[in-house]
Protein chains: 6
Amino acid sequence: MFFRTNQFQYNAKPTKPDPIFAKQLQEVLGGQWGEISVMMTYLFQGWNCRAAPKYRDLIMDTGTEEIAHVEMLATMIARLLETSPVDVQENAAKNSAIGAVLGGSRMEDVLVAGMNPQHAIVSGLGATPTDSNGYPWNSRYTVASGNLMADFRFNVTAESQGRLQVCRLYEMTDDPGVRDMLSFLIARDTMHQNQWLAAISELEEDGVEGPLVPTSFPVENQKSDVAYQFMNFSGGEESKEGRWAKGPSIDGMGEFEYVAEPRAMGEVVEEMNPADPLMHGTPKKPIQPQST
Amino acid sequence: MFFRTNQFQYNAKPTKPDPIFAKQLQEVLGGQWGEISVMMTYLFQGWNCRAAPKYRDLIMDTGTEEIAHVEMLATMIARLLETSPVDVQENAAKNSAIGAVLGGSRMEDVLVAGMNPQHAIVSGLGATPTDSNGYPWNSRYTVASGNLMADFRFNVTAESQGRLQVCRLYEMTDDPGVRDMLSFLIARDTMHQNQWLAAISELEEDGVEGPLVPTSFPVENQKSDVAYQFMNFSGGEESKEGRWAKGPSIDGMGEFEYVAEPRAMGEVVEEMNPADPLMHGTPKKPIQPQST
Amino acid sequence: MFFRTNQFQYNAKPTKPDPIFAKQLQEVLGGQWGEISVMMTYLFQGWNCRAAPKYRDLIMDTGTEEIAHVEMLATMIARLLETSPVDVQENAAKNSAIGAVLGGSRMEDVLVAGMNPQHAIVSGLGATPTDSNGYPWNSRYTVASGNLMADFRFNVTAESQGRLQVCRLYEMTDDPGVRDMLSFLIARDTMHQNQWLAAISELEEDGVEGPLVPTSFPVENQKSDVAYQFMNFSGGEESKEGRWAKGPSIDGMGEFEYVAEPRAMGEVVEEMNPADPLMHGTPKKPIQPQST
Amino acid sequence: MFFRTNQFQYNAKPTKPDPIFAKQLQEVLGGQWGEISVMMTYLFQGWNCRAAPKYRDLIMDTGTEEIAHVEMLATMIARLLETSPVDVQENAAKNSAIGAVLGGSRMEDVLVAGMNPQHAIVSGLGATPTDSNGYPWNSRYTVASGNLMADFRFNVTAESQGRLQVCRLYEMTDDPGVRDMLSFLIARDTMHQNQWLAAISELEEDGVEGPLVPTSFPVENQKSDVAYQFMNFSGGEESKEGRWAKGPSIDGMGEFEYVAEPRAMGEVVEEMNPADPLMHGTPKKPIQPQST
Amino acid sequence: MFFRTNQFQYNAKPTKPDPIFAKQLQEVLGGQWGEISVMMTYLFQGWNCRAAPKYRDLIMDTGTEEIAHVEMLATMIARLLETSPVDVQENAAKNSAIGAVLGGSRMEDVLVAGMNPQHAIVSGLGATPTDSNGYPWNSRYTVASGNLMADFRFNVTAESQGRLQVCRLYEMTDDPGVRDMLSFLIARDTMHQNQWLAAISELEEDGVEGPLVPTSFPVENQKSDVAYQFMNFSGGEESKEGRWAKGPSIDGMGEFEYVAEPRAMGEVVEEMNPADPLMHGTPKKPIQPQST
Amino acid sequence: MFFRTNQFQYNAKPTKPDPIFAKQLQEVLGGQWGEISVMMTYLFQGWNCRAAPKYRDLIMDTGTEEIAHVEMLATMIARLLETSPVDVQENAAKNSAIGAVLGGSRMEDVLVAGMNPQHAIVSGLGATPTDSNGYPWNSRYTVASGNLMADFRFNVTAESQGRLQVCRLYEMTDDPGVRDMLSFLIARDTMHQNQWLAAISELEEDGVEGPLVPTSFPVENQKSDVAYQFMNFSGGEESKEGRWAKGPSIDGMGEFEYVAEPRAMGEVVEEMNPADPLMHGTPKKPIQPQST
């Protein structure tokens with residue numbers, strides 16, 4: 001069960017309105033790698049967790065924190081839309097945007113054209129659970145597989161892509177209030193990258209997972225002779241120089257091998273068998289229209 | 001530019017038809033973590049790559065191989081649908097499925113109800129670029145961010161989730177032909193997990209990326225005092241015991257700290273400013289309908 | 001900022017496993033009118049709220065409660081998948097599902113075909129943020145417009161569709177544990193339907209909104225002569241008998257009128273003007289291929 | 001069966017072209033609350049209607065009218081794109097948009113950048129069944145549940161959100177031709193809000209539905225002690241002051257109660273049972289890789 | 001403007017209920033090639049049409065007819081769900097579906113598992129605007145490009161895929177009432193395939209379009225030397241035997257040529273230039289974390 | 001199995017950067033009719049092909065070529081984003097975009113507002129598998145039905161819509177490098193339109209398909225009396241003049257007939273039967289809440 005306090009985890013106040021940046025900032029709220037994605041990912045990983053309690057608690061602690069991040073971003077975006085569009089839209093009411101085309105030169109209207117139109121028409125100058133192109137958030141941005149090694153690797157990825165995007169947004173604004181909030185989110189992403197990497201170590205130390213996912217699948221059931229071969233399918237052999245092409249494998253169970261000219265191991269592609277004629281697909285030979 | 005040989009990379013032939021397994025196998029063809037996802041992810045990472053040539057070549061080699069995996073899975077699914085549905089559908093033509101409801105007991109019709117209906121109606125007993133629930137593949141399953149550390153972490157994740165799913169499917173069938181092909185895919189996923197982990201090491205050895213993504217963002221620009229704190233937002237303190245709550249951080253730049261009672265650092269939530277009245281949102285105080 | 005206690009708001013434990021019902025129950029977790037939809041709708045309405053504090057608090061209280069409902073449903077679904085599939089899947093591993101087609105008669109395998117395959121392959125027997133057909137939740141199921149009358153009407157709708165669906169699911173199971181949890185959710189939906197209806201009254205009593213949304217738009221700007229006419233566009237005149245075809249309008253500002261034979265008030269459809277020839281659309285008259 | 005006359009229901013002609021407003025106006029054609037949504041919602045509610053004929057006729061009358069509204073909006077958008085882009089695009093052909101970046105100052109090209117690019121590339125200066133961000137319309141914007149009280153509440157909502165959005169667009173343009181058409185749509189939305197509210201009254205008067213959806217579900221099957229409690233899950237107690245926290249409930253079957261400190265009624269979250277080991281999820285204790 | 005008569009264009013009544021077939025039949029209502037797709041495609045092509053009136057009228061005549069087809073299919077599906085599920089669901093209420101797993105043998109419950117669960121939970125035994133897997137219809141299934149040759153080719157395709165799917169469904173049922181309706185839809189698809197083929201001829205006879213789309217683009221602006229070459233990129237040379245590899249081209253403007261060993265005409269892939277360092281992508285050489 | 005050479009099929013290098021055109025060009029990479037659509041369509045048609053080998057080879061040759069087209073477009077877009085945004089973004093870092101609103105006049109920032117924000121935030125100045133509005137590519141843009149006549153008609157359509165869009169983009173830029181690449185793609189689309197038209201002829205010559213899809217369905221099973229009638233459902237009779245309203249049908253099996261006043265052939269719409277009361281839909285007559 002959840003409770004909410006009436007205070008933000010950190011400041012969420014811009015110095016001045018900025019409808020264009022409001023649109024861009026949506027990416028880390030409702031985009032593929034935004035805060036809604038990590039919030040929902042962690043909550044579902046926690047609710048589905050069948051491993052030791054420390055892992056479940058770790059996940060739920062973090063998932064609950066992320067709700068507060070979603071809250072800060074939504075509030076920031078609503079405030080970035082707060083004042084400026086009033087003026088701009090009032091002008092828009094008096095002078096249509098097309099005025100600029102036909103001879104006008106009013107920069108305000110041009111910028112209105114750069115806003116997310118749904119910030120005006122749909123949300124009435126509030127945040128929306130969508131990305132920077134207005135594409136709605138969907139749950140295919142999340143994962144909870146039941147295998148914590150696979151999922152913690154996803155979590156490291158999500159915090160990496162997320163921190164990368166917040167840093168890019170930091171470079172795209174010079175509003176001190178916005179940058180203050182972003183510096184907090186960047187720091188928390190630093191912690192979260194570190195934390196999931198630490199949790200991966202812990203899984204291995206506990207002996208419940210190894211570096212190869214899933215560890216519990218019997219290795220004798222895989223086609224072992226191709227399990228450590230790097231195959232050169234693209235022009236150029238620069239890839240031969242990398243760590244992945246020679247030396248012991250990372251999982252400690254094999255030796256990397258570079259295959260300069262990979263060969264096909266399967267059958268020559270033969271003709272497919274015909275399908276049920278009631279499917280009315282194209283046959284190999286001419287047919288007569290059938291009767292029933 | 002690409003070329004295709006007329007031979008499969010490995011065998012793709014079932015021992016017997018199985019329309020239910022054909023539906024399930026779709027997950028690793030067109031699902032979130034299926035082969036189309038890694039094929040498209042790697043190709044776009046390669047085409048966008050601005051790093052050293054060995055990384056670009058590594059990515060393109062692997063992306064090109066994945067097209068062959070998509071080919072094997074599509075062929076396998078088409079063959080799993082090949083013979084059996086002929087009989088089944090012929091029966092379906094003679095006796096409607098509802099027959100079973102009204103007193104019949106024909107198992108074939110019941111199984112037809114378990115097929116993906118689009119395998120009959122839409123593709124005429126061929127594979128579709130969709131997942132095991134018939135949901136279409138979309139490009140939000142991919143990522144190519146320009147930051148290779150962030151992207152290689154995604155790649156490790158994708159190969160982990162992918163190998164996990166293929167192993168589950170291996171357990172759900174006992175067809176020797178299907179298992180033969182899956183054992184090949186599982187082995188290649190073993191290689192690919194290892195390879196991306198190796199590439200992550202190489203990025204660090206080359207000094208172009210560090211363990212914290214993005215490395216190039218000045219750490220003094222983050223709110224440093226919260227960058228290594230684990231915060232306890234959920235009931236229970238089991239998470240205090242983990243590697244993530246004490247000791248040096250994984251990136252070597254801090255010390256983990258456990259915060260048992262995290263406090264809000266932001267302002268008390270105050271009232272939001274009003275929006276432009278032309279947006280016709282609900283005001284704080286009663287208003288009169290305005291005239292223009 | 002949010003906190004979580006380590007106790008469910010209400011019981012979430014089935015008497016026995018039921019993978020088919022687990023699939024069906026997903027509808028009220030991740031479907032159009034499921035708990036994720038109301039949770040996200042209320043949270044965003046609250047974060048964007050610029051009206052009096054009592055409304056913001058009302059919305060946030062309810063939004064926070066809904067996270068607990070999502071938690072209960074996710075847990076219930078994970079438990080419905082808990083035991084039974086073990087047996088079933090073990091059989092599936094020993095005997096392929098297709099066995100049933102080719103002569104077998106094992107009911108378990110048939111039922112496996114009725115499961116959501118992603119409950120096995122993707123989530124490893126956990127809940128997913130999707131509906132009963134496996135379609136992912138997306139944020140277009142939510143609304144936060146800045147106009148509380150419009151939004152509270154949505155909230156009444158969401159609680160009505162939601163309670164309807166939970167009642168249907170109640171009828172589709174006889175597991176006492178499942179029914180116990182559903183009876184709690186049904187009661188909370190009773191409260192929430194009542195509460196949003198009460199809030200609608202309050203908005204009118206406070207004078208910040210009236211029955212016609214948006215109240216603040218000057219009525220003289222609408223084409224008044226058609227503002228209270230019911231128009232008969234479909235064969236049959238049964239609709240003439242209803243409350244909507246005569247008597248004073250609900251908003252108290254007009255009189256309903258029944259128009260038996262509605263007439264077109266616009267222009268006769270004339271030819272459209274041509275578009276820019278550089279768009280290469282089909283012209284009215286033959287053209288010569290142009291040169292640049 | 002349907003027929004079409006060759007005349008618009010009302011005027012649909014702008015005074016001057018405006019590609020930016022054409023993009024914005026798409027919201028009420030193909031957006032979540034646009035005319036396609038109500039057209040499809042009403043048609044499906046009517047085709048599925050099993051209630052008294054007057055309701056079916058009411059719904060079909062309105063659904064058929066909405067096709068005409070879709071027609072007017074599509075035509076208006078095509079005309080807003082008609083002339084202006086010719087000039088603009090011709091300029092674009094002669095001088096690339098990037099010219100403006102590198103030193104140019106041509107406002108026309110900047111505005112082209114604000115157009116929906118698909119209005120040029122995809123539809124050749126015609127309307128598209130998408131919203132103001134170019135997101136395609138989908139049928140999850142509709143509902144037809146078989147329960148008319150639940151559905152008419154949706155209909156009131158749709159006409160409220162729809163009228164709100166059209167009013168906002170009215171404020172965002174000063175083209176007299178566009179405003180003339182919008183004033184007609186606003187008036188019809190006035191009627192439709194009133195009409196669905198009237199239909200809700202009629203359902204109650206007829207005794208086929210009551211204020212609590214669904215009425216036919218036995219109230220003794222709900223957990224009655226929480227059916228009228230308002231629970232305070234968020235910081236602040238402003239919500240205590242509202243109509244929803246005291247007095248008789250709107251459905252007349254209970255008394256509102258304010259619960260200042262809601263308590264959890266469910267079990268303490270305990271460890272989840274393990275899942276089938278063949279799912280290869282992370283176990284509680286270390287395991288050995290298994291053999292088959 | 002549109003009107004509706006209170007009579008179906010053709011019969012839409014099944015002989016007996018069939019919830020499984022109801023699910024399958026959804027494909028041609030709300031699937032990629034279903035009736036909603038052609039209805040919306042033709043209506044938007046008509047509203048956007050800037051060509052001669054006979055084409056606009058042709059398109060609108062057909063688009064209006066398609067609304068009646070959607071009506072027939074929706075009604076048929078609602079009736080297929082009408083009676084049978086009553087019995088089935090009553091049983092489901094008394095005995096949970098899982099009963100069958102634990103020892104029962106009741107076929108009815110098994111079939112319920114094969115129904116589209118949303119036909120019960122969401123629509124209350126009515127049709128939904130979705131396909132046979134429950135995936136919602138979306139407007140990317142339509143096209144209206146402004147170029148009638150391109151669009152009429154789409155229309156021929158849609159009527160071909162549509163007729164193919166209806167024929168497959170005809171084979172999958174033996175209900176005389178269902179087959180009667182399908183035989184009508186199949187015949188209308190015969191007309192519509194013929195009609196769009198005829199319209200393509202007319203476009204050419206009128207001289208407004210030729211066989212190469214778009215005709216109005218100056219052919220000297222294309223890279224002419226590859227405009228009629230068939231290139232052999234896949235193993236095997238069977239394709240050399242076809243009409244497409246030799247002889248005059250279909251548009252009469254070239255001669256087909258078979259290129260057995262296609263060569264790359266572009267540059268060798270060189271290194272990409274670096275991107276803006278503020279994007280924090282991975283560089284070619286080691287960098288120092290920067291300061292601002 | 002596939003291989004890649006390290007050379008582009010044709011040049012893919014712009015003369016100068018252009019972030020706005022980069023956004024627009026995405027349409028033919030990841031849009032409905034973009035190169036990813038034809039690549040995936042042809043590959044799946046080939047893998048599912050059960051017809052004569054020459055058709056399978058034809059399809060695979062073309063599908064393999066399309067991967068090279070995707071490669072060229074992705075590279076071109078990455079290069080269009082290469083240099084310019086560096087400068088622009090550096091300015092953006094120093095002066096926020098909103099500067100322009102509050103008095104500034106810097107054109108660069110305005111243009112940044114016209115970029116696809118995800119080109120900066122998500123892909124770090126690389127191409128994305130999305131369309132010109134940032135909407136992700138999905139596999140519903142493809143088709144592989146098993147019936148080659150139906151599918152080749154789709155292929156002709158795809159190459160027609162695709163060439164149309166590339167020609168429009170050609171007109172919207174004057175960058176010689178971009179136009180050089182587009183002239184190559186336009187020429188290949190010329191070939192591909194011709195090739196699929198030729199393949200349609202070949203199917204007929206081989207006698208495996210006729211002009212009516214599907215040919216193998218017995219025509220006596222369709223409702224023949226409406227199979228060649230053109231019905232006038234829309235105001236105006238201009239459509240009477242066309243080739244589709246008189247003369248022999250294109251398939252040679254009937255005679256076109258113009259029906260000026262089409263009549264309904266189905267039953268008068270009668271009341272629907274009630275549904276299962278456990279669905280809690282609205283009944284015709286008042287009901288009492290039931291007990292269980």
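The backbone N, Cα and C atoms fix where each Cβ goes, and this holds for glycine too.
Close to F:His69 (Mn(2+) 1 binding site) in the fold, though at least 6 residues off in sequence, lie F:Gln9, F:Glu35, F:Met39, F:Leu185, F:Arg188, each with a CB less than 8 Å from its CB. According to TrEMBL, the feature Mn(2+) 1 binding site maps to F:Glu35, F:His69, F:Glu159, F:His192.
The annotation Ca(2+) binding site is assigned in TrEMBL to F:Asp57, F:Asp61, F:Asn232, F:Ser234, F:Gly236. For the recorded site, F:Asp61 (Ca(2+) binding site), the DSSP three-state label reads helix.
Close to F:Glu66 (Mn(2+) 2 binding site) in the fold, though at least 6 residues off in sequence, lie F:Glu35, F:Val38, F:Met39, F:Tyr42, each with a CB less than 8 Å from its CB. Under the heading Mn(2+) 2 binding site, TrEMBL lists F:Glu66.
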Test of understanding: give the count of other CB atoms lying within 10 angstroms of the CB of F:Glu159 (Mn(2+) 1 binding site).
27
Taking the Cα atoms as reference points, how far is F:Gly236 (Ca(2+) binding site) from F:Glu159 (Mn(2+) 1 binding site) in Å?
33
When the Cα-Cα distance from F:Glu159 (Mn(2+) 1 binding site) is computed for each of the binding-site residues F:Asp57, F:Asp61, F:Asn232, F:Ser234, which gives the smallest value?
F:Asp61
Based on Cα distances to F:His192 (Mn(2+) 1 binding site), point out the closest of the binding-site residues F:Asp57, F:Asp61, F:Ser234.
F:Asp61
Determine the Cβ neighbour count for F:Asp57 (Ca(2+) binding site): the number of other Cβ atoms within 10 Å of its Cβ.
24
Chain D contacts among the binding-site residues F:Glu35, F:Asp57, F:His69, F:Asn232, F:Ser234, F:Gly236 (Cβ under 8 Å):
F:Ser234, F:Gly236
Taking DSSP three-state, what's F:Ser234 (Ca(2+) binding site) in: helix, strand or coil?
strand
Of F:Asn232, F:Ser234 (the binding-site residues), the residue whose Cβ has the fewest other Cβ atoms within 10 Å:
F:Asn232
Under 8 Å Cβ-Cβ to anything in chain E: which of these binding-site residues pass, F:Glu35, F:Asp61, F:His69, F:His192, F:Asn232, F:Ser234?
F:Asp61, F:Asn232, F:Ser234
Using the structure shown, find which entry in F:Glu35, F:Asp61 (the binding-site residues) has the sparsest Cβ neighbourhood within 10 Å.
F:Glu35
